[in-house]
Amino acid sequence: MLTLKAYAKINLALDVFSKRPDGYHEVAMIMQSVSLADTIVLTEQPASIDLSVTIPGLPADGSNLAYRAAALLAEYAKPGKGVHIHLDKQIPLAAGLAGGSADAAAVLRGLNQLWELNLSVDELSKLAAQLGSDVPFCLYNGTMLATGRGEIVRPLPPLPDCYVILAKPAVAVSTAWVYGRFTANEIRVRPDINAMCENLAQGNLAGVAGRLTNVLESVTISEYPQIAAIKNAMLTYGAMAALMSGSGPTVFGLAGCQRQAEKIAGQLKAQGVPEVFVAKTVSKVE
């Protein structure tokens, strides 16, 4: 039996360019793992793969990325073994936090160990890219630059330790819907990826905070204005900076200390935001 954490991610910077022939958009993102995590327990069994989940309504079949990751790895490596996957879900669904991708990556990492496959991280990363654009990042965690459709990743200097407030309004946002409404030539303000990389190299948290930018934010806010309200509330309550993560709807804020982060989270809960979490940055797979 093996127990793993599957960490949520936030986007410190997210830029989107033109649509590719394969239907995906070209992107450039700086991604950061945070300590809000699902827990996955893998138990070896004879050839079958099955999945149990803790949230009613969450699929426990081939439509779940955790299951698909196990099936893909079994097809690729032919271990002659199966697995029972138990998923304790803590990361909100359809939130822009890559919860499903994190689960898939944890299953790949864990089964490589449990099934004694000894596959390289490069091999796992190629399989991860078949499952989703965020899955390769979730294999590594930490702070990384992601390009291509998101599957090409390289490590960056870690974001200085800080606390992250995560707040999700009571809406679920489809990534495909957001990208479908995105028009690259209408974007006026884009993230300065190079400058943020320099800030990271300098260990300059304030510099990173001052450059948080997500070009998808305006698209999602146009349909769900409560996202803007949460972002403004975070800033009013004292967050260093705030931004929508991914395609939304979760908003994250940065705080230098736990006390400040907990205070902001409490004020958001009092305001009626249904899902609010306080997390820390994660610098590596733990």
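FYI, residue positions are counted from 1 along the chain as it appears here.
Note: Cβ is positioned from N, Cα and C throughout, glycine not excepted.
Among the features that TrEMBL reports, active site is placed at K9, D134. The ATP binding site annotation in TrEMBL covers P92, L93, A94, A95, G96, L97, A98, G99, G100, S101, A102. Residues annotated as domain 'GHMP kinase N-terminal' in TrEMBL: 64-142. Under the heading domain 'GHMP kinase C-terminal', TrEMBL lists 200-272.
The Cα atom of K9 (active site) lies nearest to that of A98, taking the binding-site residues A94, A98, G100, A102 as the candidates. Taking the Cβ of A102 (ATP binding site) as reference, residues of its chain lying under 8 Å away and at least six apart in sequence are, in sequence order, A6, Y7, A8, K9, A37, D38, I91, C138. The Cβ of A98 (ATP binding site) has A8, K9, D134, F137, C138, G246 as same-chain neighbours under 8 Å, each 6 or more residues away in sequence. Annotation for the binding-site residues P92, G96, G100: lowest Cβ count within 10 Å of the residue's own Cβ, P92.
Per-residue pLDDT, averaged over the domain 'GHMP kinase N-terminal' (64-142), rounds to 96. Taking the centroid of the Cβ atoms of P92, L93, A94, A95, G96, L97, A98, G99, G100, S101, A102 as the ATP site, the other same-chain residues with Cβ within 8 Å of it are A8, I91, G246. Following the DSSP three-state reduction, the secondary structure of A102 (ATP binding site) is helix. DSSP states for the domain 'GHMP kinase C-terminal' (200-272), grouped as helix (H, G, I), strand (E, B) and coil, give 39 helix, 11 strand, 23 coil.
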